[in-house]
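K.L.:
Here's a structure for you.
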Amino acid sequence: MGTFKADEKYGGAGTETTPEPMLVTDVQQGKVSDNADNLQRKLGNRQIQLIAIGGSIGTALFVSIGGGLARGGPGSLLLAYTLYSCMLGLVNNCMAEMSTFMPVSGGFIRLAGKWVDDAFGFMAGWNFFFYEALLIPFEITALNLVLSFWRDDIPTAAVCAGCIALYAVLNILAVKAYGEAEFWLSGGKVFLIAILFAFTFVTMVGGNPQHDAYGFRYWNNPGAFAEHRTTGSLGRFEGFLAALWSASFTVVGPEYIATVAAEAKRPRIYIKKAFKTVYWRFGIFFIGGALCCGIVVAYNDPTLVAILGGDKSGAGTAAASPYVIAMSNLGIGVLPHLTNALMVTSIFSAGNTYTYCATRSLYGLALEGRAPGFLKKCTKNGVPIYCFCTVMLFPLLSFLSVSSSSTQVLTWLINLITAGGVIDYIVMSVTYIFFYRACKRQGLDRTKLPYTGWFQPYCAWTSLVFMVCIVTCYGYSCFLPWDVTGFFSYYTMVLLVPVLYFGWKAIKRTKIVRSQDADLVWEAPVIDAYEATFVSEPVGFWTEMLQLVGLRRAKGGDKRA
């Protein structure tokens, strides 16, 4: 297959002479691969949209958010989740432009190595891999806790083994099986969120067994802002910081869409739409969830405080959910069980997504020579088999909860994971700044790209500064007083980053990529040629949903020449 001329297609001047583009008829006569590697593009529009909406929502939005409420109060919780969602929206704005232009295997970690520095890509890739891989045992441990809401004698080891087996089955099959499973599981999350939002509205206006129209009562008594660690204004500010750390663990999104981009049927169209839905998800699910959480229960509710303080059982289960506590306070008996049941599917779905993303990130590392070459081996269905086998070792960490307190294991994992996630967003922001400079230097017209981010590069710089502040300060409590264990649980990933970066740089003698040398062509010709094979109009999300139940079958499709 020939190369294409980036300057002609995207309206830039270009810096290097490239061969003339091939005629379209020549491309159609050849055999066009889905990717430049062995992954296959099998994920449809409805699957990608549901993965974008709910693929990463687990226990945090339903249970862990209560910790932020108890420490910060409803006002701090709403402000913190709004601020963090806005900042992550800026990161999403950066990733949307880069991923729709270059939807390659490995997502943002390969973009970082290609456009910033090979050592930077090495660091980003292994950080993201450990971040995703450690999330798998976190969700399995959380699932054990949620099941204990019903009874305490469920064998922990059996639950761990069952989850690992199901994750293995769903991820060893073709990517379409993973996408279909996530479509239905994520749909369950959306249904649960809708139930909780409806519960909040109906009960606050008086639709409850006590006929108590409590409205925003808890914003006035005990108040909107709680004191945490200290008293007075400083205590309220520390309460806001505690709510902000809660948001930094709960609010996620752009990294998962970037990862599935390499296996999307029509990446330039479907991935673009998926990135746009992230803004709505931030606004409706995360900000709306923080608002509802602060409405239904007071931050000093005795049950919430007792569970979080360890004086009452139920930490990590639906019993610790602010919504379930509110249901119990209002005398509603059946809804907590439905909430807990849907939480089980939500947690399982999140663990399934993390298994997929960890496998693909390790595969992306192998493609660039940053991981052993044998990991590039794929099955005929496009599954990186040895990457998958490596990833499946991490869920075994969930068996730690058999002999140790599950809540303690969750605390360790949360502290390790949160820093890794924020570092990912720092990587995305830095990568975009380098990408933006390369576009300007090489004369590539960004307005001709499939998606053009707004207010750039200021969005990238703003998100970069904010995320650096978060990852630097979120473990400040271990310094007051000094706590060695706390320090390493909070900052292990932060300390690992310079070791990975400078270690690879010293071994490989890598250099930072100059703007004029950045490869802005790369796999774009393969992606353009692949998209050119479609002979039908793309199907919208709701049309595809109707087709799922047998309606509008003749409307559009993903037919290829």
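Cβ from N, Cα, C; glycine included.
Computed from a predicted structure; not experimentally measured.
Annotation source TrEMBL lists region 'Disordered' at 1-20. What TrEMBL records for 1-10 is compositional bias 'Basic and acidic residues'. Under the heading domain 'Amino acid permease/ SLC12A', TrEMBL lists 48-512. Residues annotated as transmembrane segment in TrEMBL: 50-70, 76-95, 128-150, 156-178, 190-207, 239-257, 278-299, 319-338, 383-400, 412-437, 458-482, 488-504.
Could you tell me the structural context for the features on the list?
P.N.:
Long-range contacts of the transmembrane segment (76-95) within the same chain: residues 65, 68-69, 108, 224-226, 236, 239-240, 242-244, 246-248, 250-255, 257-258, 275, 278-279, 282-283, 286-287, 289-291, 293-294, 425, 428-429, 431-432, 453-456, 459-460, 462-463, 466-467, each at least 6 residues beyond the stretch ends and with a Cβ under 8 Å from a Cβ of the stretch.
Distant neighbours of the transmembrane segment (156-178): 39-40, 42-43, 136, 140, 143-144, 147, 263, 348, 351-352, 355-356, 359, 381-383, 385, 388, 392, 395-396, 398-399, 401-402, 406; these residues of the same chain sit at least 6 beyond its ends, with a Cβ under 8 Å from one of its Cβ atoms.
Within the same chain, residues 50, 53-54, 57, 61-62, 213-216, 285, 288-289, 292, 295-296, 323, 326-327, 330, 335, 338-339, 342-343, 346 sit at least 6 positions outside the transmembrane segment (190-207) and bring their C-beta atoms closer than 8 Å to a C-beta of that stretch.
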K.L.:
Looking only at the recorded stretches 239-257, 278-299, 458-482, which one has the largest tally of CB-CB distances under 8 Å to the transmembrane segment (319-338)?
P.N.:
278-299
K.L.:
Under 8 Å for C-beta pairs, could you tell me which stretch among 278-299, 383-400, 412-437, 458-482, 488-504 has the largest tally with the transmembrane segment (239-257)?
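P.N.:
By Cβ pairs under 8 Å, 412-437 leads among 278-299, 383-400, 412-437, 458-482, 488-504.
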